[in-house]
Amino acid sequence: MTKQPRGSSRSGPSVAQQLQQIAQLGQTGNLTKAATQCQKFLQRYPDQAEAWHLLSLICLQRGQVESALSHIQRAIDLDPNRAEFHSHAGVVQCSLGNLAAGIACYQRALSLQPSSHTRFNLGLAFQKLGQLEAAEQTYRTLVADQPNYSAAYQQLGNIQQQRQQFLSAIHYYQQALQHQPQVAATWCNLAVAFQTMGDISQAQTAFQRALQLKPDYIEALNGLGAIYEKQELATQAIQHYQQALALQPDYIPALTNLGNIQLRLEQFPEAAATYRQILQLQPNHLQVLDQSLKLMLATGDWTNLADSFARLQQGFQTQSRSDLTAPLSPLNSLFLPFSASEQQAIAQDYAAAIERRMAGLQQQLAAAGRDTNQSDQRRISQTSRIRLGYVSGDLRYHAVGQLILRLFELHDRQQFEVFAYSLGPDDQSRERQTLMQSCNCFRDVQGQTPVEIARLVMQDQIDILIDLAGYTNYACPELFALRPAPLQVNYLGYPGTLGSRYMDYIITDAVITPPELATTLTEARLYLPHTYQINCYPYPDSDPTIFSNLPKQQHGLPTDAFVFCCFNKSQKIEPTIFAVWMRILQQVPQSVLWLLSDRPATEQNLRTQAATHGIDPTRLIFAPRVTKAAHLQRHVHADLFLDTLYYNAHVTASDALWAGTPLITVLGNTFAARVAASLLTAAGLPELITANLSEYEQLALHLATHPTELELLKQRLLQDRPASPLFDTAQTVQHLEAGYQMIWQRYQAGLPAESLSVLLEAGARSQKSGFPERQPTGVRSQEPEVRSQKSVFKTYSPTSLVRRDSRAATSLNLSSETITCTADTGFLSWLSQANGSLLITTYQAGRVLLVGWNGQQVTLLARQFTKPMGVAVAGNRLALSTQHELMMFANARPLAYSYLEDQPGRYDALYLPRTSYFTGDLHTHDLAFDTDGLWLVNTRFSCLASLSLDFSFVPRWYPPFISEIAPEDRCHLNGLAMVAGRPKYVTALGESDKVGGWRATKATGGIVIDVETDEIVLRGLSMPHSPRWYQERLWLLNSGTGELWRVDPATWEPEVVCALPGFGRGLALVGDYALVGLSQMREHHIFGELPLQTRFEHLICGVAVVDLQKGAPIGWLEFPTGCRELYDLKFLPGILRPNLLNGQNDAIRAAFTAPELAYWLRPSALIAEQ
């Protein structure tokens, strides 16, 4: 125990009085004098523990925290059982950042004497340390002992807010306010919780109450400004942001909100100044960098665009790697050169934040009985109509409203009920009235909270809720995070993935989402057959107001100029595409560029940019915004629409094509950058899709300088429009309905969301006026064990090809038997989505077969060669082995478009022969390119070989059991798999060193050899072919059993993927699918005694599409006549309509290519002699 000092002199104060005087000095703020007096006291009474405690308190108030710690420790040494000393020590330790030590001090204090104040501080320490459960339990214990302890309720609310459990947070804040309603911070926190949940009205009330209690509350001023901004009360919002900034000029949240509202109000100079101020304070503020880029694109001021984007991209990647949420706008990312994977990651971050905010509410809604209410009884019924709920902020005069104008009306009311939920304003437009009248139920929910809308959706018993807004203006992704409907679909309004777990499907098409981009969509994919974008143009062709020939001068256009146009908004225009446009204008002197007028400042900046490229700024002409009809009407003066790069023309592209204006685009690598290609494909003009900017520029120049071709394109657009799938609104509605039925059936069967395709029925067409007979569109059925139901789609013969392609007639010696082909719906669906085509060789029929997709159906082109066998493809190069030659081809893509003068654009690739090596009859099987050249499997000489200018071949490797290079086909070496660009595995039909020795054991003697080690890694195969290395596995065809194998090189244990009714030769692996070439077996001396002969009753010649995940075929292409055996099969990615010429084709004599040009030498191109 501390030794008590003796009393002071009779005339002086007592010890207690002295300590009381010192304490009063500290309480009145006279800390220096208090410290001096206390130190003097301790000189007289050094063992007075209370004095050391008092001095520690004074030092802490003076900011002398280390001294405070030393002094309180001295007090504890003198009197270790005083709870208040340990409590104060906890405060000092926490002030120094020693939270664990502080917690220990508080716990010691509480063990000596329970104290509400100490327990509250203990909770704060746990909270700061991130131990939220311990903090929560501490506060709960506190309020259990003292139910009126308001600050503990507030901290419980803060913990729940930190966990994004906003309903619980609101509950605790309200409890705190019941006991102490005059705390402004509690009102402000309550407002933030309401605001985060979307309850704007309650948030507004709480912010206003906070400001009544504390008028200079910066956070509340900023928060209330955000509420006014949400209510579109811009003046009040700006006033509140500015009030907050007057109090604290560097308050970044208010600066950010101010800059954003200035940007939305198009106060561009003010927004730019605000963003600069923020970036001076915080150079790597990603949200502000993001918005600054939006500002630069909107105004055409690209001075710092590249640098700002590089900083934004790097900052996002750094934050992603650090597992921090990057505060970027998914919508903004579509306008920038982010990859599809980066756009997905941005959307996923954004969606995850929404999901966390809504988690508590979602659980509350689920607990309210959504899954057990009476709607489930209706949903169980197989005869109930499916209830569709369309959610949009654009059910008005808006691009989306115009696209879907007849969607609701055309839905089959025998199968569907249509509900619409309008998030945006009522503009009293004709579109608004039409959409309202064509629904079963139209609900105006603008201003309602996500929870209120979700309850309406549940009350309406919606089965499929379709988001037509995504992350655009007036969108409400929080509604979908609440999961008010069994199925939720992302469609049309936002061109990209929403990145969320709460959206089940995204509606897309095969052009927009080829296999290589499938993983960049978080949702399961629902593919429509032609294009994902529904279009509606309720303007009769005969209406004279649409295409009246108003003079060019009325639009500010020169009468004699070629008019390039782009009516996309300025945010889509960026330096890369603009530079290409300027080069085009330079090369077409009598031309102008007609752009959409967004605002005068943007026009001036774009004209300034043009001048920097050496273009007269007056050649940029700006069209004002006008009504839809007037906009369509003025297209008559536009010659060619030049699309933007990263975010294509969407509705504007449909407008141009409907009005008869051809459009060219670059096939990009993101959803938003591929929409125009989808529309062109559906319009039957895939020849206007280019692979890169160089082709884009060349095509623009070609069309601008070949008016006859351009006029033919315009005529095609207008003539084909009535029958074009692009503008067949009713048919698109049928396809949507088929998709809705598919996903609903899966849901009812208890199956998870899975990517599905709506298929075309052969010959099925709807009528523009509606649905006279509603036949269901074909859908993918459950896959059978071996084969799906086959249907003939089209039959092509070499003779018919001659009629379509006159050049083929002079060189093709037709066989006596016509080659015909059939395909089932599964193959049609796969090919329509694959973004590629097939090249197949058949040595038996002497043909190379090119199987393509023209946007509506399969095409087949046959070229004659002598016993074509192996094929290799690498970029634009193609190698083909024939009986005596090995031929090298190159894709002259620029010439493909005009290969047929009367049918421009029929082909998108043209392989021209370049070199031919006369090798002699080597029985060459597989071919493969590496970095140095070409490898060939020389079957006759049992070796791998390469080509030579001096010899028939150069042996490079042969199996270890082969004793010499001799023309004796000792092991029937046939297949080659490349790994990392080098030969790795080969297949042979036997381990024999004798002439034809493999034949005796062909049924079970097949082997796989490792080329690098000479080791035989697999034995006992039945005539294996076509080894391929894919996804770190070896794949091959065990042809004699009809099986596709997958082999793990770690164990060399083969796995049978599936068995197919044909002798397998030719294997291509594309995404999650394998394409397997199948042959019938002709010669008994070769194919006799194989297991395959007894395994299937009937063998086919054709191609099977195998789903590798399911291990089953999902589609078939067959050749019923004219072809019985195939050898090789290659997939040509990015090429839909290929052509290939043999050496005898007259066309090759008129085709010239060089690194910088491609040219047809035709009479129409020759210069007449003077």
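Just so it is clear, glycine is given a Cβ too, placed from its N, Cα and C backbone atoms.
As written in TrEMBL, here are the features:
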- 49-82: repeat 'TPR' (REPEAT)
- 116-149: repeat 'TPR' (REPEAT)
- 150-183: repeat 'TPR' (REPEAT)
- 184-217: repeat 'TPR' (REPEAT)
- 218-251: repeat 'TPR' (REPEAT)
- 252-285: repeat 'TPR' (REPEAT)
- 301-534: domain 'O-GlcNAc transferase C-terminal' (DOMAIN)
- 552-735: domain 'O-GlcNAc transferase C-terminal' (DOMAIN)
- 767-789: region 'Disordered' (REGION)
- 827-1141: domain 'Conserved hypothetical protein CHP03032' (DOMAIN)
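For the repeat 'TPR' (150-183), the DSSP-based tally of helix, strand and coil residues reads 27 helix, 0 strand, 7 coil.
Outside the repeat 'TPR' (150-183) by six or more residues, the chain places 120, 123-124, 127, 132, 135-136, 139-140, 142-143, 189-190, 192-194, 196-197, 213, 356-357, 359-361, 364 with a CB less than 8 A from a CB of the stretch.
Each residue in the repeat 'TPR' (252-285) gets a DSSP state, and the totals come to 27 helix, 0 strand, 7 coil. According to DSSP, the secondary structure content of the repeat 'TPR' (184-217) in residues is 27 helix, 0 strand, 7 coil. Remote same-chain partners of the repeat 'TPR' (184-217), defined as residues 6 or more beyond its termini with a Cβ less than 8 Å from a stretch Cβ, comprise 150, 154, 157-158, 161, 164, 166-167, 169-170, 173-174, 176-177, 223-224, 226-227, 230-231, 247, 357-358, 361, 447, 449-451, 476, 478.
For the repeat 'TPR' (218-251), residue counts in helix, strand and coil come to 27 helix, 0 strand, 7 coil, using DSSP.
For the repeat 'TPR' (116-149), DSSP puts the residue distribution at 28 helix, 0 strand, 6 coil. As a summary of secondary structure, the repeat 'TPR' (49-82) carries 27 helix, 0 strand, 7 coil according to DSSP.
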